[in-house]
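Comments concern the structure below.
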Amino acid sequence: MISENPYSNIFNKLGKVRKRIILKLILRNGAAGICLSLAAGTVMGLLSRFIPIYRVYLLWGYVCAAILLLSLISVPFFIPRQRKLAQLLDSFGFHERLSTSLELEKEESQYKELLLKDTVSKLDTIDYRNKIKLLPQKKIMIALIILSLVFGASVFLPQPLQEEARQAHELNVYKKEQKKKVEKTEKQIKENPKISEAQKKELLDKLNALKQELKKAQDTKEADKALEKLAKKLEQKIDPSRDQDLKNLAEKLAGNKDSKALADALKSEKADDIKKELDNLKDKISSMNAEEKNKLKDALSKASASVSSSELKDSLDGLGNAVSSGDENAIGKSVDKLGGAVGSSLSQKNMNNALAQAQNNLQPNPQNAQGQGQGQGQGQGQGQGQGQGQGQGQGQGQGQGQGQGQGQGQGQGQGQGGSGAGSGSGNGDGGVTPYGQGGIANKSPSPGKEKEYEKVFTPSRLGGSGEASVITGKGNNSGKSETTITNDANAALGELKPYNQVVGEYSEKAMESMDNWSIPGGMEDIIKDYFSSLQD
């Protein structure tokens, strides 16, 4: 049936042809996309046999989806416009009737009306469905079949690198997890208002070094080792005695009415309040009578006896002596010195908290730590058996010690024996224990006064001047010694340090040395256990 408007019939026919062409393009591009996907899958599958690629076919699935999506998105770019459609239909036997009709659409002539009648009358005679086939070209179908067979065959080939690819992927995931921990710790340190800029820089430098070590790690064990080493270094810098000193100081000063306000400020741990109360204490001392001064001196003496820090002791004793003398200038200097000592202890306490928080953040994953603990325990247990059964000595052994050194006797044998190696039952329940919850270097100080060992003249370590003594002889009461006396009146014997602090410094040096030397894993454990035992 011919419409009153012949152009509506023409456009209707062109619309139907357009839809069929769109469907044809979708099928063609889809088939071409599948061919490309199969080719990509084959290449990726073959590469995975030579290069470790984790879940190669899952990765191929993403590539395949992207290719097919692009194939479908490209369809609109291939759809012909109306004039191209008219030319296509003219090629089916219309002899340019449609093209000419579209060109004369806006013109009026007798020839146009005759042309439109002739064109519309022949529209229904065009079998465009037979002319425009939906199936893709034969060469595309052949390529599709061949590529499907090749891809299917490649899937069943052995994958010798599959396990290596899995391990590499797990390592990358683990590194990312640890990197997030480090970045979280960095953010906490930067935002911590209680530690100084120098302390922040020190911690951030260590974290930057850790990130570089994690980046270079070849497996999760190396990554965990880097975490454990930093955690150990942080642990060595924790000085829990400062925390206890501040508590003891506040407790003893609270017993005196004139120093009670200072004790309350110490408990609040606010630096501004502490400074304010120290200034107030200066003014109070100048107006005290003899009895009040004696009571204050007694409180200062008790406070001095309750702390382990030599800096706090000296400042408290100095203030007590200044109070007794009544010298206002000496009192002012002594109070300022006490303020510096308290500030140092408070700074160390804040540093302790920051170190403990960093320690807690940087603990290895529990599963990795447990696996390492079990592996080390088994290896050390075997070492103990070898040390006792295959020692190269007799009786107590004739190695470089008597069973407790690093010799080859009954104790440690080849460095893997009983006393240093442990019983082999380690559980590795998560790495280092944070400050305040136990651990090697986190023990709370004993309530008693820390033992003061005698001073040793070691200029190279303690900063003294002069020459060292030379002592010769054997392990009895006889022998000789030579001593050189210095004429320097300002010669210093060094500084008396708490035992745990000295051991901590040596332990930290040992941890740094292990970073720079290639040491067997078993020996590293022995060294760690040795320094841990010194702090028990």
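Note that Cβ sites are derived from N, Cα and C of the backbone, with glycine treated the same way.
What TrEMBL says about this one:
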type	residues	note
COILED	168-237	coiled coil
COMPBIAS	282-300	compositional bias 'Basic and acidic residues'
COMPBIAS	301-310	compositional bias 'Low complexity'
COMPBIAS	352-371	compositional bias 'Low complexity'
COMPBIAS	372-439	compositional bias 'Gly residues'
COMPBIAS	474-483	compositional bias 'Polar residues'
REGION	282-483	region 'Disordered'
TRANSMEM	21-47	transmembrane segment
TRANSMEM	59-79	transmembrane segment
TRANSMEM	140-157	transmembrane segment
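Sorting the compositional bias 'Low complexity' (301-310) by DSSP state (H, G, I as helix; E, B as strand; all else coil) yields 7 helix, 0 strand, 3 coil. When DSSP labels each residue, the compositional bias 'Basic and acidic residues' (282-300) comes out as 16 helix, 0 strand, 3 coil, counted as helix, strand and coil in that order.
The average pLDDT for the coiled coil (168-237) in the predicted structure is 87.
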